[in-house]
Amino acid sequence: MSESSNTNLEQAKQEGKYIRTIRSFVKREGRLTKGQAAAIEKCWPIMGLEHKNGMLDLSEVFGNNNDVVLEIGFGMGKSLVEMAKNAPHLNFIGIEVHRPGVGACLMDADEAGITNLRIFEHDAVEVLADCIADESLTTLQLFFPDPWHKKRHHKRRIVQGEFVEKLRSQLKMGGVFHMATDWENYAEHMLEVMQAAPGFKNQSTTNDYVPRPDLRPLTKFEQRGHRLGHGVWDLMFERTK
């Protein structure tokens, strides 16, 4: 196991699987609404992906060879569904551990009639380790992850050196890791980790943050934050090696 500084991933390989002792999330089980439960029952056989099935053949999953965008922790899925609807020429994979969010996302996707979205209900780090082939993703998105704002919890932040090194191999050359956070301290942490990570180039002309690109929908949460004077920081790093 690597002994690099603060990491939320203490991993060892055993039989080809990653073993983790520190997780970047706390699983809070909320109640499903009737609509969410119905959407899971109806849509999961078509849109659901299972971690236990192992490595994906993405062209088989989607029935085409379109570029693939993967989002970690999509919450209730509104932005992800909007992106998939606005970009039918791309394929999207969303990963979320909270079942109500999965149900809400499937409900919206079904209502929107989109066919270019697939969903995992599983730990994203394990999905990346076991299900996503190297050089298979055009974009990897991480929007508003848990900031773990207390210093003693910083090791739980998902953006750490080992995690970034793993996802770099899964991005195609020229692929982009796009992050967004409304916690300035976490933005600074992300920037520090990414600047130290080999094989990435910052797409910011000022070598720090980028304006929110049009492709990332503005959420209601974000709009409220803007009205209250809260900042949001986007970071986009391109794989170069």
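Cβ from N, Cα, C; glycine included.
Now, the feature entries from Swiss-Prot:
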{"type": "ACT_SITE", "residues": "D146", "note": "active site"}
{"type": "BINDING", "residues": "E71, E96, D123, D146", "note": "S-adenosyl-L-methionine binding site"}
{"type": "BINDING", "residues": "K150, D182, T219, K220, F221, E222", "note": "substrate binding site"}
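All features noted in Swiss-Prot, drawn onto the structure.
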residue: E71; record: S-adenosyl-L-methionine binding site; CB count, 10 Å: 24
residue: E96; record: S-adenosyl-L-methionine binding site; CB count, 10 Å: 25
residue: D123; record: S-adenosyl-L-methionine binding site; CB count, 10 Å: 19
residue: D146; record: active site; CB count, 10 Å: 16
residue: K150; record: substrate binding site; CB count, 10 Å: 8
residue: D182; record: substrate binding site; CB count, 10 Å: 17
residue: T219; record: substrate binding site; CB count, 10 Å: 18
residue: K220; record: substrate binding site; CB count, 10 Å: 9
residue: F221; record: substrate binding site; CB count, 10 Å: 15
residue: E222; record: substrate binding site; CB count, 10 Å: 19
Task: substrate binding residues K150, D182, T219, K220, F221, E222: largest Cα-Cα distance, in Å and rounded to whole number - done: 26
TODO: Could you round the CA separation between K150 (substrate binding site) and D123 (S-adenosyl-L-methionine binding site) to a whole angstrom and send it over?
DONE: 22
Open item on the list: Please report the distance from the Cα of K220 (substrate binding site) to the Cα of D146 (active site), rounded to the nearest angstrom.
Closed with: 18
Task: E71 (S-adenosyl-L-methionine binding site) in three-state DSSP notation - done: strand
TODO: Could you round the CA separation between T219 (substrate binding site) and D123 (S-adenosyl-L-methionine binding site) to a whole angstrom and send it over?
DONE: 24
- [ ] Can you grab the distance from the residue listed as 'active site' over to D123 (S-adenosyl-L-methionine binding site)? Cα atoms, rounded to a whole Å.
- [x] 14
Task: Integer Cα-Cα distance in angstrom, F221 (substrate binding site) to E71 (S-adenosyl-L-methionine binding site) - done: 18
- [ ] State the three-class DSSP label for E222 (substrate binding site), counting H, G and I as helix, E and B as strand, and everything else as coil.
- [x] helix
TODO: Report, in whole Å, the straight Cα-to-Cα distance of E222 (substrate binding site) from E71 (S-adenosyl-L-methionine binding site).
DONE: 18
- [ ] Please give the greatest C-alpha separation between any two of the S-adenosyl-L-methionine-binding residues E71, E96, D123, D146, in angstrom, as a whole number.
- [x] 14
